[in-house]
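Written out below as structure tokens is the structure these notes cover.
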Amino acid sequence: MGRYELHYGGDRRNNAPAMRRDYNGGLIAFSRYFSFFSSRTCSPESSINNQFRLLCITCDTLTTTHNFSQLLRQCIDERSISGIKTIQAHMLKSGFPAEISGSKLVDASLKCGDIDYARQVFDGMSERHIVTWNSLIAYLIKHRRSKEAVEMYRLMITNNVLPDEYTLSSVFKAFSDLSLEKEAQRSHGLAVILGLEVSNVFVGSALVDMYVKFGKTREAKLVLDRVEEKDVVLITALIVGYSQKGEDTEAVKAFQSMLVEKVQPNEYTYASVLISCGNLKDIGNGKLIHGLMVKSGFESALASQTSLLTMYLRCSLVDDSLRVFKCIEYPNQVSWTSLISGLVQNGREEMALIEFRKMMRDSIKPNSFTLSSALRGCSNLAMFEEGRQIHGIVTKYGFDRDKYAGSGLIDLYGKCGCSDMARLVFDTLSEVDVISLNTMIYSYAQNGFGREALDLFERMINLGLQPNDVTVLSVLLACNNSRLVEEGCELFDSFRKDKIMLTNDHYACMVDLLGRAGRLEEAEMLTTEVINPDLVLWRTLLSACKVHRKVEMAERITRKILEIEPGDEGTLILMSNLYASTGKWNRVIEMKSKMKDMKLKKNPAMSWVEINKETHTFMAGDLFSHPNSEQILENLEELIKKSKDLGYVEDKSCVFQDMEETAKERSLHQHSEKLAIAFAVWRNVGGSIRILKNLRVCVDCHSWIKIVSRVMKREIICRDSKRFHHFRDGSCSCGDYW
């Protein structure tokens, strides 16, 4: 056999070795020559392909397995498929054993990322080793081509090639990716026959993971119980499955069993079981697991820290969660999102928005869930301007068509009284689902656009989407706020006929609809259909009695409420106000004395207004705590004078205390929404004035704000505890029905 001997008498410009024919060697000189050109500062195509082609033309044969492997490794390092193809051509020319060359070429092609060429080589092989089958199946699954992986597995079985532990541990993942449950069960049976289910931990772990993804935690647990040697991966897979399926008690039990069996948890075990503790609000076990995590050295692991943070937030221990967050050296997107969403869920919206701003300053890119949480924080506080800025961030990062960020925007604009802007966002969503439809329907409902809400509900039905309990509540609320009594009754009857599970909240909404329409007997009759009427249901009916001044019925309902919750302050306050509105001052004194004895306090009426991204708070009767109180009172007096010129007269029935008439007038002038509006007008805020109130707007303030909107020629949007009121040109969107 001929050989090319290297000497340095060749190209002096680049110091390349020359070759001459020698008959004593093999591929050593060839390999040295190949390595020399591979090390030059030239492109991979030049170093591998061109030089290799030159050698292949001049060489007679290449026969050493070691040298072929060396050349293929060089191609893998350079990720050169063209080099592999050249080697394959020369292997065929040299008569290299096909069963060896094929396997090596498939392996090299896969490592270079060309699965299709690897498959082409594989299909041309007459004999295929199990290792080659496994490699190709594993790479297909890794590159999300599970369907092809399963087809290859079927071909393997057809060719009477028995799978081994590596085949099965790979293909079980493909089955779960494609939801091929029946085929997965057949292959599980094959694993049992081959003795791999019990004896091999890789197969056992893959089976547990597969059944978990099918949502079959019972089957996953049976597999785990049969595996002889259990490890952390196996048990963690089951705990993750329990946690994801909401079987949190079982997740905690599995973790406890793990400790009994002396299997050391890893950071992912801790992360999963802590989420379950949070879902259960099981702070006892949560703190115990936190202690174990510290003892095991996993306290600084990011996955464990994030789950610990989430657990404390779900248990409403905000201070503990903040301490955990401060210990995270480099918080990532997931950590920030967990903190922000948890703070919003715990009613710490202002803090959540502060943390969101810190996240943006740290240049951590938010995801759609982060943005959705920040937007809900703005919507809960009616922070319109702040929300609009976050809308800009949503657009910047390309989430304006995302359903989660989109729903957050719809919720924001809906709760800031801008249903038209909410609808614009809704119409741009790339995917309409039940969540986005519910959010838009609720936006219409709370802003008094009942017909639009019902049209959207009809669209939902036509799209074939199944309404859920939120949909039903939003639709009934739309009818309630728009005085669509008959439509609401028809819908409620249809929901009952369709056997939709109706909750106490749905019944409370219908009781409110009928009660406000003056159909109190029907409303009371409806309560008899509820198996366990709760306080909300009875209070709703009691509120209707107050509106229509039905004292006798109210007293009867009050007795029922106090049987459920003795000393319920909301009920006593409602009854006190009802007695006051009907002139029964002796009963008012009696109720207030009872409240005093029970040390009950009425929640103060409060209003908020956002000015230049800063929220200002006003409390009824508090005239001097605000730094601009002098200017506010001057402006309020001027507004009251102008409104009286246009016919405003104080409605003294809204004062539930026995006092002089002039004192009643002063009391009405000091309501929190009046103070907030006076401040906003004094600050000369452009555009609409947006007020948020924690209680219902009283009749007197409602009448006054209507006139002020006409005086100032400004829209005033007031969101109270019940709904939105859009005041324009002396009228309100509610039609004086709230």
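Using the three backbone atoms N, Cα and C, a Cβ is placed for every residue, glycine included.
Look at Swiss-Prot and you will find 98-128 tagged as repeat 'PPR 1'. Helix, strand and coil counts from DSSP across the repeat 'PPR 1' (98-128) read 23 helix, 0 strand, 8 coil.
Annotated repeat 'PPR 2' per Swiss-Prot: 129-163, in sequence order. Residues 99, 102-103, 106-107, 110, 115, 118-119, 122, 170-171, 173-175, 177-178, 180, 183, 187, 190, 194 of the same chain lie 6 or more positions beyond the ends of the repeat 'PPR 2' (129-163) yet place their CB under 8 Å from a CB of it.
Residues or ranges marked as repeat 'PPR 3' by Swiss-Prot: 164-198. Proximity of distant same-chain residues to the repeat 'PPR 3' (164-198), defined by a Cβ-Cβ separation under 8 Å and at least 6 residues beyond the stretch ends, is recorded for 130, 133-134, 137-138, 140-141, 144, 146-147, 149-150, 153, 156, 204-207, 209-210, 213-214, 223, 226-228.
If you take every residue in the repeat 'PPR 5' (231-265) and average the pLDDT, you get 94. Annotation source Swiss-Prot lists repeat 'PPR 5' at 231-265.
Per Swiss-Prot, repeat 'PPR 6' is recorded for 266-300. Note on the repeat 'PPR 6' (266-300): residues 232, 235-236, 239-240, 242-243, 246, 248-249, 251-252, 255, 258-259, 306-308, 310-317, 327, 329 of its chain, located 6 or more positions outside it, place their CB under 8 angstroms from a CB of the stretch.
As annotated by Swiss-Prot, repeat 'PPR 7' applies to 301-331.
Annotation comment: Swiss-Prot describes 332-366 as repeat 'PPR 8'.
According to Swiss-Prot, the feature repeat 'PPR 9' maps to 367-401.
Positions annotated as repeat 'PPR 10' by Swiss-Prot: 402-432.
The repeat 'PPR 11' annotation in Swiss-Prot covers 433-467.
The repeat 'PPR 12' annotation in Swiss-Prot covers 468-502. With a cut-off of 8 Å between Cβ atoms, the residues of this chain six or more beyond the repeat 'PPR 12' (468-502) that come close are 434, 437-438, 441-442, 444-446, 448-451, 453-454, 457, 460, 509-510, 512-514, 516-517, 519, 722-723, 734-735, 737-738.
Taken from Swiss-Prot, the feature repeat 'PPR 13' applies to 503-537.
Annotated region 'Type E motif' per Swiss-Prot: 537-612, in sequence order. In the region 'Type E motif' (537-612), the DSSP tally of helix, strand and coil residues is 51 helix, 6 strand, 19 coil.
Sequence annotations record features per position, and here Swiss-Prot assigns region 'Type E(+) motif' to 613-644.
According to Swiss-Prot, the region 'Type DYW motif' annotation covers 645-738.
For the region 'Type E(+) motif' (613-644), the DSSP counts in helix, strand and coil order read 16 helix, 6 strand, 10 coil.
Nonlocal intrachain contacts for the region 'Type E(+) motif' (613-644), taken as residues 6+ away from its ends with a CB within less than 8 angstroms of a stretch CB, comprise 350, 381, 383, 385-386, 389, 604-607, 667, 669-679, 681-682, 704, 707-708, 711.
Residues of the same chain lying 6 or more positions beyond the ends of the repeat 'PPR 8' (332-366) and with a Cβ under 8 Å from any Cβ of it are 302, 305-306, 309-310, 313-314, 316, 318, 321, 325, 373-374, 376-378, 380-381, 383, 386, 390, 393, 397, 615.
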